[in-house]
Amino acid sequence: MRPQNLNRVSIVLIAALVCRSVHSQLQVGFYTTSCTLAELIVKDEVRKGFFKNPGVAAGLVRLHFHDCFVRGCDASVLLDSTSLNKAEKDSPANNPSLRGFEVIDSAKARLEAVCRGVVSCADIVAFAARDSIEITRGLGYIVPAGRRDGKISQASDTFTNLPPPSFNVDQLSKLFANKGFTQEEMVTLSGAHTIGRSHCTAFSNRLYNFNRTSRQDPSLDPPYAAQLKQQCPQGNTSPNFVVPMNPASPAVTDTSYYTDILTNRGLFTSDQTLLTNSATANQVNQNAKMPFLWRTKFASAMVKMARLEVLTGNAGEIRANCRVINS
């Protein structure tokens, strides 16, 4: 069977799984009658953002992850801080690294112009993540919708709900398990690091201050470490110093991430640690060797993630502006 036909078959299979397993209050085609062009408008804004800056696709995928893992997929990550509250987006886990907000704002403005008060910011984030994966040559999937927007966003909630780049495999497995994911799904979702960039501060300890016996992480490929040191001078904390997560194909959703790990070129400790456990190491090997299988598993895991602790029905609200709760 030809690759394009395999893609179509997988999308159909994922759609079938969605229809059977998604929470009853989320629906495929939720906006079919209330805002027919909703998903097309979001897709168009993602496309425009991507052509201006290809890195925005990775930003939008990460935005979705950081939204769903903190208070569920309720767009709380989009809310601005106030004089009385420091919001999620301004926590160390999100600022200055999180990006893509302008794409969400543009999509929301267009949607409010044609379907006032109908499409939630939480659904826009979920659609935009899917569209970002597609535009970077990943496998498309159907996104059930009907999420509503939360009214609370606290920076402190990110501390225990988002995995830092220093986590080891046991810590990652526990955190993902707390969100309802298997260890295999954790390894699968980690593949999102195949696109995008990282600030040097997220991994500089591996280059200059690893532990008491070794300044440089011995599990890091020496030539790669030397390259990173050139890109990330010691002691520099400027947000302008960034490197691609996957140097070979930073704007393509592929399995190069897993190949990098196998050659000790995982950028974060939380990437390279996947080789320290036999089960996760086997998954890394399988994903590296079977790209199409990984893309299918990744799409399914993204559908599952988009259902985390969603607000539906009369819960929450439909924000008019994704950055502030309705007055």
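Heads up, the Cβ atoms here are built off N, Cα and C, so glycines get one too.
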Quiz item: According to TrEMBL, which residue among Cys19, Cys35, Cys68, Cys200 is joined to Cys115 by a disulfide bond?
Solution: Cys35
Quiz prompt | Cys322: disulphide-linked cysteine among Cys73, Cys121, Cys200 [source: TrEMBL] | solution = Cys121
Practice problem: Find the one among the recorded positions Cys73, His193, Asp254 whose C-alpha lies closest to that of Glu88 (Ca(2+) 1 binding site). | Solution: Cys73
Self-check item: Protein Cβ atoms within 10 Å of Cys200 (disulfide bond), excluding its own
Solution: 21
Exercise. Report, as a single number, how many Cβ atoms besides its own are within 10 Å of the Cβ of His193 (heme b binding site).
Key: 23
Practice problem: Starting from the Ca(2+) 1 site formed by Asp67, Val70, Gly72, Asp74, Ser76, Glu88, give every other residue of that chain whose CB sits within 8 Å of the mean position of their CB atoms, in sequence order. | Solution: His66, Cys68, Phe69, Arg71, Cys73, Ala75, Val77, Gly150, Ser153, Asp157
Quiz item: Can you tell me how far the Cα of Cys322 (disulfide bond) sits from the Cα of Cys232 (disulfide bond), in Å?
Solution: 35
